[in-house]
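TrEMBL has this to say about the protein:
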DOMAIN    2-121  domain 'Transthyretin/hydroxyisourate hydrolase'
BINDING   10, 51, 119  substrate binding site
């Protein structure tokens, strides 16, 4: 893996063309054996470049399953002085398929006060 977390993310504020700094990020995994509840996996905070590169230790072995990444955007908007926004948080749910546990998963979030876009990055 080259020393990087198997799951990374990046927030870009498209309303001003800058990285989304200090956005709290939570990673969870769906636990079907526990009534489909979400189990916390990791927490992070985006850096000055809008990235969380060390969400998981590079030696962390992913397991197949459904994951949910939550970006606490209300905290970001409050810190930047934006009062009119529509999404207080953004949740991105994705799957690590059986046999794909050794792949790298990068979750970019392009954010503005009234919209967001995501895709599987590299």
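Even glycines carry a Cβ here, placed using N, Cα and C.
Automated prediction, rather than curation, is the source of TrEMBL annotations.
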Tell me the Cβ neighbour count for residue 51 (substrate binding site), meaning other Cβ atoms within 10 Å of its Cβ, over all protein chains shown.
20
An 8 Å radius from the center of the 10, 51, 119 Cβ atoms defines the neighbourhood of the substrate site; name the other residues of that chain inside it, in order.
8, 9, 11, 12, 50, 106, 107, 108, 109, 121
Find the longest CA to CA distance in the recorded substrate-binding set 10, 51, 119; express it in Å as a whole number.
15
Over the domain 'Transthyretin/hydroxyisourate hydrolase' (2-121), work out the mean pLDDT and round it to an integer.
94
